[in-house]
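S.K.: For reference, TrEMBL lists these features for the protein:
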COMPBIAS  1-14  compositional bias 'Acidic residues'
REGION    1-30  region 'Disordered'
DOMAIN    31-91  domain 'V-SNARE coiled-coil homology'
COILED    60-87  coiled coil
TRANSMEM  95-116  transmembrane segment
Amino acid sequence: QRNLLEEDSDEEEDFFLRGPSGPRFGPRNDKIRHVQNQVDEVIDVMQENITKVIERGERLDDLQDKSESLSDNATAFSNRAKQLRRQMWWRGCKMKAIMALVAVILLLVIIIPIVLKYRT
């Protein structure tokens, strides 16, 4: 770079090699620096925003995975609850049938001796 500046070069080449902060700009240099600082601040803010958006997307993906898992668990729970309700209903029916059978047997035990007593 130094060799290029020392040799025969025109002003346009010097501008591109030294950049806008070169000493030849004088008072305009402060304005350019100020604008460059503002641009740098905007770049920093945008980079932070992009990082936040990416993190938010990751959190949304995690939430979606968790909600799908909860939905699957809720479906499995519902199916298991229906199956258990059917089992309990059949158990209740069996218990009612056993109670009815016991009642019939008790009635027969009570009625048969009475009937046999009156027959004789």
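The backbone N, Cα and C atoms fix where each Cβ goes, glycine too.
TrEMBL entries are annotated by machine, without manual review.
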S.K.: Could you tell me what the rest of the chain brings near the transmembrane segment (95-116), counting residues at least six beyond its ends with Cβ under 8 Å?
M.R.: none
S.K.: Suppose you look only at the domain 'V-SNARE coiled-coil homology' (31-91); what would the mean pLDDT be?
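M.R.: It averages 94.
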